[in-house]
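The following features are taken from TrEMBL:
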type: BINDING; residues: B:CYS169, B:CYS176, B:CYS193, B:CYS232; note: [4Fe-4S] cluster binding site
Amino acid sequence: MSTPTLQLSLGPVLFYWTRERYANFYREAADWPVEIVTLGETVCSRRRDMKLDDWLGIGRELTQAGKQVVLASQTLIESEADLRDLRKLCDNGDFIVEANDQSALQRLSCAGLPFIAGAALNLYNPATLGVMKRTGMQRWQAPVEMSKKDLAQLIADCHQAGVSQPCEVFAYGHLPLAWSSRCFTARRHQTPKDRCKFVCQKYPEGLVLRSQESRDVFTLNGIQTLSSACQDLRYELPDMAAMGVSVARLSPRAEGMAEIVKAFDQARQNRLPPPDPLSVVDAEICDGYWYGQPGMDNTRTVAS
Amino acid sequence: MELVCPAGNLPALKRAVDEGADAVYFGFQNATNARQFAGLNFTDKRAREGIDYAHQRGKRILCAINTYPQPDGWQQWTRAVDQAADLGVDALILADMGLLDYAAQRHPNVARHLSVQGSATSHEALRFYHDHFGITRAVLPRVLSITQVRDLAKQTPVELEVFAFGSLCIMAEGRCYLSSYLTGDSPNTRGVCSPAAHVRWEETPQGLESRLNNVLIDRYAEGERAGYPTLCKGRFEVGGETYHAIEEPTSLNTLELLPELRELGISAVKIEGRQRSPAYVSKVAGIWRQALDRLEDAPGRFQPEHAWMAGLAELSEGATTTLGAYERRWK
């Protein structure tokens, strides 16, 4: 069996779970075939059950289990308190940080610390990736809306321009699509964000937003809006590796993550059974972005 | 405070200047700006006429090249920057880091403003753009409360421009991929949100329906005023209830915040709406000119006039306005 060239990473948990749930999840994840685990709260500064020390503790355990650990910064920075938390995160001394906002870029580049560039930084061209490489970027994530064709060209152009760095693609999970200062989960409960009573914890995989025809469209997750369907690029992994993608990111879901990781691990070794159109239809899958179509499209249902 | 007004075409630009805009912003007729609509925006020739018109009257012209250069289109974006610089614009409004870098190297004497699409919401983020690309002004996303703007303004390394009136984008601008999820086109990539080519209206037994790429965005009862199907302003079902789950169709209006914005040292107020008619731009610019003049005459006693508020309400989505995120309760 050939050694897989594509690494698998576990993205940060985007949802607001309980401490117990996080602890159990990462205890299990220690045994999963993923090389990289990204930890931390990237969505809402009001989600404070887990302190930085808690993440560092989990990080050390995962390091012991042989994982590369990354700490992710918050995507929307709004206040001085957010900046104080960001500073502590950047100065953690142990783990590399995933910058999800330009405030993090500033902290990290000023401190001379290397960083991973997150998907919301909008890195679409070699010139921008050149700037990022100059400031200390070690790996970058493609914007979620970027197609395979564009990404292949971008990776090739970066190579030519001498600004190549390992690239990570969002390969599985609810796609992070937008951030607001308004909390849509609190709004559903008719309470202001400042008195949200942490209702997000009631929804370990977000709250479904449907059209008036009962078509699932988005997933509300506090101030974040995610896709309703799960992007699933498991069958694309060989192509991804061939075009120079280094890491496939799997975004944690509340249930069944062990099976998903296993399927991706098999897929990167070309050992996945062929797609079963029926089961795919049941799972609410999308892969449109990868094919340059609307992100919600599922190209695999077309034939069935 | 500078009054910055939108121009989707030459007549709108002229009306904005005539009605008292201090600066007018425009974009070219392609995907390089965040308002790519059919029949809107400027050719090289029209831009030259507009710039001459404004400069002859002592007004400034800003050029928005604020989408993200795509892997197969870098030259289209750098050409737009070169073109704007050659035309003699007073500033470039940019979002992409690579393009900011290009503009700083190639046209160091043309001022660079950070577009709202650059998603800078803290003084640290502003410092990043300032230190690396020499920006002199930034437009703030519409997600900060007035207290947060105050904190940021105390430490900003650059001038600040804030949104004052017009459509309310409630997601952090430049980081919203909702439109491409439904239609394939996004503000970042194609300069469009909920693009008209994907919109469909249908009379049905349940009422008038608006769709975006076949997803039902809203359904209107008889006599109910129908709005453009911007996907985040539709009525959806969440947890068994149907409502405007993300935001109501409403416009931002910050007239009453003017004294505070002035006190915080905000350099410019921005009117949204390059997609609007010359008549709209003219009316909004006129009201805001009066308000800003009144503010300068007697900052301590400023009160928005009823006629101004009523005039702006008429021009607003759903005839209602909001202070949006500036007001903490909105969140």
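We number each residue from 1, going along the chain as drawn.
Every residue gets a Cβ built from N, Cα and C, even glycine.
Nobody curates TrEMBL annotations by hand; they come from automatic prediction.
Sequence features annotated in TrEMBL and their locations in the structure.
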| residue | record | Cβ within 10 Å |
| --- | --- | --- |
| B:CYS169 | [4Fe-4S] cluster binding site | 23 |
| B:CYS176 | [4Fe-4S] cluster binding site | 25 |
| B:CYS193 | [4Fe-4S] cluster binding site | 23 |
| B:CYS232 | [4Fe-4S] cluster binding site | 25 |
Would you kindly determine which binding-site residues in the set B:CYS169, B:CYS176, B:CYS193 have their Cβ under 8 angstroms from any Cβ of chain A, listing them in sequence order or replying 'none'? B:CYS176
